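Data first, discussion second: the structure below is written as structure tokens.
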């Protein structure tokens, strides 16, 4: 039983039968995805990346992570790593994206409708990839655009008549977009330049006895709860000025919307499969409703758990798919994405770990190639069935279950223990929904976050960059993580969900 009671302890999402409910609008967009061509890798991958990297308008934080600076002995493998990159979303997020596009086409203002009305699903994902800033951080939204323009604040007006250049919807993401972008990951194989410690600054480590030379890298984005009335704060924190009927809160799950605000809240109620509340309806009970750092707010532990569940499913299913392709067991390095400066409640770390354990058990026999999950830099050392060295037992698993470690480790430290030899290292890192991989890296702030230190220790600054790895890190290469179907390219997923060409629109 969860620390937070039976309601929070419910298993969600379901493993089967949870494919998105499609309106006529969404069905048409998903049907169109069946024609999307998955890009094919070739010998020219490397040359294209090197050429486009040289043309990229911003200076890199360090050059040691560029493909052209890698050892010639690594280049054949890097050519394959370039082609291994793709954007990834959970299948519930796919349904949300389709509903969001329909919402903007119906309820959007004069600024929004011209942007969204002609977008395909893959076109929308491409927008989320290429319209983001290079850097975007701090409470005042300090930013650096790919164009080189920089400043702070102004994003709340994007997509309204009050927007001002350069922060206009045609060129950048609105806060509504960023909230959806936070549910998008990019994954690839990569070389590791060093162990990835926070202060690595791109130094080249040639010691193969301490460094895992290559593995998988996945950018994961936590809930940004540090900005009131924006992002996931809208769903997870119940606040007096935010949670009002006028803003669309408090409606039943199936209640039809009659205003733009009501329809926007409908999207998120359906995504999280729970109603939202008006401030005053929720009383702190340390079960579903917990305290928040702001004593006037109430923290919804259930919705926080569901936000985590979507991310954890993605990471676990992606690690499984990557490991299965190479016939290995995955060693997953997990960091507490969203548990730093974005955190709004002390109980979040415990919710994080309880949810991760439940998703491992729930996905269970779909994770036969996941061998170990290593929680790194967590303050909690015991949580439910999770402790250093514990085994999450899974009937039929080739290793009887998934081993758990909880200790501090550098992301790319050598898997030197005999029982870990031959495993595939899958590293998660805390990314941002409105920044290129590395974020502060592009402002030469190399030691500020795990995001920038990851860009200094892997090839993500090029491989996960939609301006540089244009063929593979793009919306047309979208992959869907489905608990029922595994990880599939969007075209294959669409064909499975929409069974035949003759299905009615």
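Cβ atoms are placed via backbone N, Cα and C, with glycine included.
Listed in Swiss-Prot:
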BINDING   198, 336, 338, 340, 341, 342, 377, 432, 439, 440, 450, 451  ADP-D-ribose binding site
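Location within the structure of each feature annotated in Swiss-Prot.
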residue : record                    : contacts (Cβ under 8 Å, 6+ apart)
198     : ADP-D-ribose binding site : 447, 450, 453
338     : ADP-D-ribose binding site : 221, 222, 223, 224, 225, 348, 352, 430
341     : ADP-D-ribose binding site : 226
377     : ADP-D-ribose binding site : 335, 336, 408
439     : ADP-D-ribose binding site : 135, 136, 137, 431, 432, 449, 451, 452, 455
Cβ neighbour count within 10 Å of residue 450 (ADP-D-ribose binding site): 20
Pairwise C-alpha maximum, in angstrom, for the residues (198, 336, 338, 340, 341, 342, 377, 432, 439, 440, 450, 451) that bind ADP-D-ribose according to the record: 21
